[in-house]
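Over in Swiss-Prot, the protein carries these features:
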BINDING   Cys452  heme binding site
CARBOHYD  Asn84  N-linked glycosylation site
CARBOHYD  Asn406  N-linked glycosylation site
CARBOHYD  Asn411  N-linked glycosylation site
TRANSMEM  20-40  transmembrane segment
Amino acid sequence: MDFQIISRFTDGGDFQWTKFGTAAFLAVLLSALAFLSYTPRVHQKSPAFTSHKLPFIGSLGFTTEQWKARNWWKRATAESKTGNFSFWLGQRHVVGVTGEAARKMFFTHEALDFVSGALIRPINIHFWPPIHDIFRPDSKSRSKNTYFLRRLYELQSTEQLNHYLPQLLKDARVGMAGLSRVTKPSVSCWETVFTQDVRLLCTDEIVADSKLLATFGRQVETLLFTFSHYNVCFPWLPSPSYYKRRQARYALYNLMEDIVNKRLKNGARGPNDPVQILLDYNDKVDHIIEFFISVLFIAPANSRIIGGQMLNIMSIYRDWQEKVYADIKAAAAAHSPDKNAPLVDQLAFIPLHAWENSFPSIDLCLQETIRMWTSFSMARLNLSPNPIPIPGSDEVIPGNTFVCYNSTEVNFSDSLYPDPKKFDPARFLDGREEFRNEAYGFLGWGRGRHPCPGMRWAKLQQNIIIAYAVAMYDWSSCDETGKPTPQAVHVKELNAARGTVLPSAYCKLVPREKV
């Protein structure tokens, strides 16, 4: 009987098979469309959905548009009666919030999880598949901190920073000495930033092997620069960036696993570096490897941007460069035993506490740079099954739902930062500080329940790099041939497709003294 059925089906030859193939394709296509078009039910008090969306995909503008005149976020806000709105990313329901009260709630509510928010940020897709336990609160810890946070804080202790300070200073000096006399800081400062991060937060073993360091660097750069907007909407969708990120992560895991396993096999205690410290704690090997992969991705993510922009700023705003130079000379004079030695040599005698507290002009420029360059949408996930009321409205963030806030709203507010597109570090001086007129008016270094856990090292790193750069060279803005560009200004391009892309600005370096 089965044979007869098959015979009848195959009568007509290729034509019948063509019809079967077409029918099968249409069935799969219709099933896929039915799945994509399925709209999950949402809480009745969710903010109204924005009309700015595409079939099946949802609001792709969330990931592709920043803050230009009529961008997606502004249009969605404008058509909302409350300033809050809902939108889809594929089949994920997301709530967007605006305003001071909602901003405070976004940063302080205990049910809103920072790490899970990474799942709808393009750069973080597939980095933790799923989110690893090292980023989850540890019930055995008194502080309830995650494994990742506990270990990161320990590696930034005064003892650790003092131990590594001489080498970190040497890394900065070597990195600055290797710069071309016409350079693009957005690219050229990467190697110094990454070398210091690896040394302090992972192991000297990698830094000592230039090929191994370069291999780690390439894989981390792949994770930093390769992502897909569409994978935010369709996490399961294969794409070139999906595979590149997976391969890079796999390579990093294997590289780090080799280092850890060699220590374990040798039996003898290794050098007192972060790898050995975590092994001495008898931490799980998987936790150790995952920690180092993650920290080497996270640490340089913003430092490379801020470091490159700070050097551009030194070349454009030469009045601020002179203020920074004066601070450097004052700090060196206060601690160097040889006042006649070259300034760059004197820097080696500055102790840790002075490196952290003796550069007020760098700190002002750093705050202004962070304000301008950390302007993008941020995300959290309501981990609870219960809705969270949105202050100032009758709306809620449903349970198990993502919520976003765009920091450009506050960072480029005319009332909090008069003439916000202007680079003006003096706005952070006593007597100004207009941003204090609202809760969380300055979002640099994180706020609320999620302050930046790497802030101590991040600030110290910028102080060291900028101090060596300015001590060694006079910086000025130029084009790629070295021709001066005196009309150059520092601008955060709000119309760019990506919020973290640095402008192609060049700088001319003139050595200040012979060493």
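Yeah, the Cβs are placed from backbone N, Cα and C, and that goes for glycine too.
Shown on the structure are the features that Swiss-Prot records.
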residue : record                      : contacts (Cβ under 8 Å, 6+ apart)
Asn84   : N-linked glycosylation site : Pro47, Val95, Gly96, Val97, Thr98, Ala102, Ile390, Ser393, Glu395
Asn411  : N-linked glycosylation site : Arg371, Met372, Thr374, Ser375, Tyr417, Pro420, Leu443
Cys452  : heme binding site           : Trp445, Gly446, Ala458
Local Cβ density at Asn406 (N-linked glycosylation site) - other Cβ atoms counted within 10 Å: 22
Local backbone state of Asn411 (N-linked glycosylation site), from DSSP in three classes: helix
